[in-house]
Ligand SMILES: Cc1ncc(COP(=O)(O)O)c(C=O)c1O
């Protein structure tokens with residue numbers, strides 16, 4: 001008999017009743033150190049007092065009004081995002097996938113309104129992940145994502161990772177209107193795009209007038225030690241998708257865009273009942289206030305250095321388990337020699353939570369405000385977990 005929850009997830013036999021900072025507690029009182037943070041969502045940890053305060057203050061005043069009306073918390077968050085980024089305008093969604101949907105529509109509408117609707121094709125990259133909607137799975141195009149869900153939305157071409165010749169050839173096609181890329185691939189196995197490649201991509205897009213779309217759903221909001229990951233390369237996109245960390249655990253996403261890219265999205269061309277809801281935006285505005293502070297980001301970079309150094313040590317100590325460390329800031333991946341799933345399981349036994357990714361990588365995406373002592377504790381738990389790999393204790 002089918003379970004009452006549609007069985008689309010392979011869930012661990014773990015359930016948590018309380019969270020505080022980087023810690024999650026089970027009903028029987030076990031305390032797990034959470035290096036997954038809801039897959040890069042709980043950017044400021046569990047039950048962060050500032051976010052609880054922002055949420056409860058808003059909850060006591062007003063939960064929901066439609067986008068038929070002005071929403072001050074939404075305006076505050078939009079102003080903060082515009083002030084701190086390349087963007088001139090924002091649209092709020094409830095998730096990364098919804099941000100993906102709008103990014104695709106925005107790119108197509110841009111070319112439609114310029115009298116070149118044939119430039120509807122969007123180039124994407126091997127290993128990418130942009131969500132699970134019909135557009136998002138078609139964009140990625142892998143059999144794993146798309147099998148059984150045809151006919152797929154057309155207008156996407158996937159390019160090989162690092163295939164510069166393929167990119168040049170594809171960009172020469174007259175129907176290409178946009179390129180979509182994660183500056184650091186998350187689900188694909190924590191693969192940062194080298195700065196010079198992002199710069200090169202910006203240059204080719206400028207030469208051809210092609211829109212550049214960054215998916216910063218996982219790598220954005222301070223995760224790499226800058227507010228947005230593309231800042232490391234010194235380039236900006238035309239459109240950017242954001243979600244996960246922006247709501248600190250409350251469902252929230254956004255599309256940010258330049259005026260040129262955003263202008264064709266006039267009244268009636270897009271909408272959402274819940275997107276930009278007062279509760280989500282009150283929390284989002286507080287997250288933004290904390291995370292966009294340069295002192296906070298400096299702290300993220302320092303903590304990231306400590307974690308990375310410790311992980312390099314683990315790779316040296318446990319060559320049977322790990323091969324290398326990769327990533328940026330507090331978006332780190334342990335490329336495993338053992339099966340990544342086995343490493344995650346060994347972590348459960350040592351009460352430390354990590355997240356598997358493609359390419360046999362285990363992801364570490366802790367809350368950005370994890371302390372130095374908690375990083376050291378995480379490293380000892382990972383050390384003990386790694387010792388289980390290939391031993392009888394595993
Ligand atoms: C880079 C990226 N884009 C889009 C998404 C989809 O976001 P959501 O699950 O909020 O719909 C994800 C989710 O993991 C992601 O990592």
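Quick reminder: no glycine exception, Cβ is built from N, Cα and C everywhere.
Features reported for this protein in TrEMBL:
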type	residues	note
BINDING	96, 97, 129, 215, 216, 217, 218, 273	pyridoxal 5'-phosphate binding site
BINDING	132, 272	N(2)-acetyl-L-ornithine binding site
MOD_RES	244	N6-(pyridoxal phosphate)lysine
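Overlay of TrEMBL feature records on the structure.
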residue: 96; record: pyridoxal 5'-phosphate binding site; DSSP (3 states): helix
residue: 129; record: pyridoxal 5'-phosphate binding site; DSSP (3 states): coil
residue: 215; record: pyridoxal 5'-phosphate binding site; DSSP (3 states): strand
residue: 272; record: N(2)-acetyl-L-ornithine binding site; DSSP (3 states): coil
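Sequence-distant neighbours of residue 132 (N(2)-acetyl-L-ornithine binding site) (same chain, 6+ apart, CB under 8 A from its CB) are 97, 145.
With every protein chain in view, the residue among the binding-site residues 97, 218, 273 whose Cβ has the most Cβ partners within 10 Å turns out to be 218.
Cα spacing between residue 129 (pyridoxal 5'-phosphate binding site) and the residue listed as 'N6-(pyridoxal phosphate)lysine': 14 Å, rounded to the nearest whole number. Burial estimate for the binding-site residues (129, 217): highest at 217, by number of other CB atoms within 10 Å.
When every Cα pair among 96, 97, 129, 215, 216, 217, 218, 273 is compared, the largest distance found for this pyridoxal 5'-phosphate site is 25 Å. In the three-state DSSP classification, the residue listed as 'N6-(pyridoxal phosphate)lysine' falls within a helix.
Other Cβ atoms within 10 Å of the Cβ of residue 215 (pyridoxal 5'-phosphate binding site), summed over all protein chains shown, number 31. Among the binding-site residues 129, 132, 216, 217, 218, 272, the residues whose Cβ lies under 6 Å from any atom of ligand 1 are, in sequence order, 129, 217, 218.
Its own atom aside, the Cβ of residue 272 (N(2)-acetyl-L-ornithine binding site) has 16 Cβ atoms within 10 angstroms in the protein chains shown. Its own atom aside, the Cβ of residue 216 (pyridoxal 5'-phosphate binding site) has 29 Cβ atoms within 10 angstroms in the protein chains shown. The Cβ neighbour count for residue 96 (pyridoxal 5'-phosphate binding site), using a 10 Å radius over every protein chain in view, is 25.
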